[in-house]
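**Student:** Got a structure for you, questions after.
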Amino acid sequence: MTVGRRLNDEEAIPLTAKEAGSRDSIDSSSTASVSLTLVDGTNHTTAKPSKSAHKGVSRDRYADEKYRDDVEEDWEEDRYIPSNAKPSQRRTQIVFWLLVALCVGGWAVAFLFFVTSPGNTISTTPDTGSGSPDSDVIKPGSPPAGKKIPLDDVLGGAWSPTQHTISWIAGPKGEDGLLLQKSEGGTGPYLHVEDVRNIHGTQSNNKSMVLMKDSVFFVNDERISPEKVWPSPDLKTVLAMTRQKKNWRHSYTGLYWLFDVETQTAQPLDPGAPNGRIQLATWSPTSDAVAFTRDNNLYIRNLTSKTVKAITTDGGANLFYGIPDWVYEEEVFEGNSATWWSLDGKYISFLRTNETTVPEFPVDFYLSSPPDYAPKPGEEAYPYVQQIKYPKAGAPNPTVGLQFYDVEREESFSVDVKDSLNDDDRIIIEVIPGSNGRILVRETNRESYIVKVAAIDATKREGKIIRSDNIDEIDGGWVEPSHTTTYIPSDPASGRPNDGYIDTVIHEGYNHLAYFTPLENPKPKMLTTGKWEVVAAPSGVDLKNNVIYFVATKESPIDRHVYSVKLDGSELQLLKDSEKSAYYDVSFSHGAGYMLLQYQGPKIPWQKLMNSPSNTDSYTEILEENKRLAKLSNEFALPSLHYSSITVDGFKLPVVERRPPNFDETKKYPVLFHLYGGPGSQTVNKKFLVNFQTYVASTLGYIVVTVDGRGTGFNGRKFRCIVRRNLGHYEAYDQIQTAKAWGRKPYVDKTRIAIWGWSYGGFMTLKTLEQDAGETFQYGMAVAPVTDWRYYDSIYTERYMHMPQNNEEGYETASVSNSTALSQNTRFLIMHGSADDNVHFQNTLTLLDKLDIMGVHNYDMHVFPDSNHGIYFHHAYKMVHQRLSDWLVNAFNGEWVRLRDPKPTIIKRVIRRLLHR
């Protein structure tokens, strides 16, 4: 599941997220991106703290209300007094003295409450239990007396690390270590290729090549400013796109142009339809053709002529060629492409998606509509309705099939694969082009526990299943879509007599790298083993030296380090000079001779370019040190992070506790639990991150705890797969048990514990409140929650729950339906965007109806008109977080306790009578 992702919004990560920073149905990156190179949509954030950070507006807002509830005084002015009322002097005096008496009495009660309340008793007993969070403590460099963090700074990206995204590119003759760079400042050529060792362009280098001198070009006197560009593999032509128009999370349309590097001139990709909006365009590996999809049909343009040939002609509202539909884009490919060229450029593989039987779901827009939408006369007052083909759990899925196009013969064909899954039970999750017309296809059944790998020979037009696994029989789990399977071509001179591929497989209860060779061999050579897991591997492959690079959790499930291993499984090595407790990421050049190493935490992030271990040409350059962020960290008071674990039912759960600056163990603190909790996700890690949770601890002065319960990732398959068929049960139990443990700590006020989450985290918030029934958690805040998995999309839901037809009891149990249990909590908050195309507003409305039926009213509700799952429309994103902050302060100040059973007081009635005489 995904949501549009913004800066520092791991609380809103998509349901499909594999780990906190990887993606958002809430989009990801949690960092600002500064691009020296060309990436899709470059971005440079140089945000500074808002003025309020220096004026201290937010700093003291709740300074007197951090650790105790205010006692409510019932002597407010009666708002129903008529504006022209004139009470006598005697009555006024009576009222005055009554008010004075009430004030004195109220203060006395408040003082008595403060000194006797169990939430304010002073404890001198230190926390020395086995679950002490002091086992791994990260304290910021800032002084505890530093400034508090304004919420606007967090939401605005001032605390986002500056991050450079490198666009590695292979040279025309396979040269390694080349970058694609774009100059935004008007100095130097607009688009050029540079050697990584000359990234700043200060040296003369024969590998440098100018592709586009200027940032604009003209076609028939029309001024063109490219928004995205893709050079051909031979670097002689640039495919440029303008007038981008967003579709779904990853997809868009635009006008495409072919720019000739030698003449610096351009022409439309399709001269016959220059204004036709194209959905996808991809280069042939031989640079002589472009395949593209327009109006859901696939075309090919050969650069030697200006003619365009249609590969398909029946595409339309229900048939897609070469691009995914909504659910495949969202849950399978996580991108906009379903077109793959063979490595020799002779064949095109493309997906045919048929949505005819998929039901539609209407999304209403009350305040907005597409720019080209014009209502019929007299219908201006009606909402714009967007119909989405959205397969919910148990409903018909789109049927998909892989088709092929022979470029030389100009003909399309299909390949029958014996023992392949049936059309109505197939999800194609990955297509891997190989050499000599070979293609690997990974497919799963609808419930994602059968995985098959087919090898197809497009030249012979035949294929067969070369591998089949039943995950249900292995560990009762499921298969996640992945896009990292890597084809390894044969090279006898380098010790590779046969073609093969590297895949991530289940080995002794953990995800590990395996090398399958020859191609048809179902029994692999294990490249990694142990009680740890590889992450989106491999990251790079050095075919010259037979070295594989990957990121893994070998040091700790919450750390990430870079490793290398030989293709024969020998010489597993940690990257030299790596810090023991750290979170690294890496991207490699085309031949894996160079890499961009990214240190992402726990200290201030940095980036550097360097040669890979298998490259003897030594090179290192610091690309980013984030000095601005280091300066901020020394000016503002950040919470300290205390990493630990808690054992529940024999499972060791990772925990991070954020303690406020100036933390005092003799005081009692409220605690906010924040969670996501989706299958395979991870929220507890060693990344540097200043987000809403940081703000709550730093500025509001509350403790914030996050625990990754069962079902989350990187702790082994047993830990992850226990939630199969029963989402919400074990995850909620783990949150409750952790909260109980924290409630026993001497510095925690167990009468003030809250929980909150977004998307899957919103679902988990409500399930936790439901299962706990007010025993441990008093408050909860759920944003865009799933409340019934029958309402969510089929591919995601059935992967973990099976189809409703095969797990009716599980779906019933997993729904948020126990209104009586929810009524036992002090109060909870629900927020949702009305135009959420991912987690439909239907989820929240259904829950509200259940609450109405049972007469439950201890909740607040906020609807954001026309906002999708990310909740942005009309400044809604800021409103969400401000509402969360204010609501939480009111909760911990005791406001919701007062509202739980509202009754007029005798004193108010007496005052009302006196004033109305």
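Glycine too: its Cβ is placed from the backbone N, Cα and C atoms.
According to Swiss-Prot, the topological domain 'Cytoplasmic' annotation covers 1-93. According to Swiss-Prot, the feature compositional bias 'Low complexity' maps to 27-39. Feature annotation from Swiss-Prot assigns transmembrane segment to 94-114; the stated evidence is sequence analysis. If you look up Swiss-Prot, you'll see N206, N302, N354, N818 marked as N-linked glycosylation site.
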**Student:** Looking at the topological domain 'Cytoplasmic' (1-93) alone, can you tell me the average pLDDT?
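**Tutor:** It averages 36.
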**Student:** How many Å separate the Cα atoms of N302 (N-linked glycosylation site) and N818 (N-linked glycosylation site)?
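**Tutor:** Between the alpha carbons of N302 (N-linked glycosylation site) and N818 (N-linked glycosylation site) there are 62 Å.
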**Student:** Could you round the CA separation between N354 (N-linked glycosylation site) and N818 (N-linked glycosylation site) to a whole angstrom and send it over?
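**Tutor:** Here the two Cα atoms lie 39 Å apart.
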**Student:** Could you check what DSSP calls N302 (N-linked glycosylation site) once collapsed to helix, strand or coil?
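**Tutor:** Strand, per DSSP.
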**Student:** Which number gives the other C-beta atoms within 10 angstroms of the C-beta of N302 (N-linked glycosylation site), all protein chains shown included?
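**Tutor:** I count 14 other Cβ atoms within 10 Å of it.
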**Student:** Please work out the number of neighbouring Cβ atoms within 10 Å of the Cβ of N818 (N-linked glycosylation site), leaving out its own Cβ.
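**Tutor:** Result for N818 (N-linked glycosylation site): 17 other Cβ atoms within 10 Å.
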**Student:** For N354 (N-linked glycosylation site), which of the three DSSP-derived states applies: helix, strand, or coil?
**Tutor:** strand
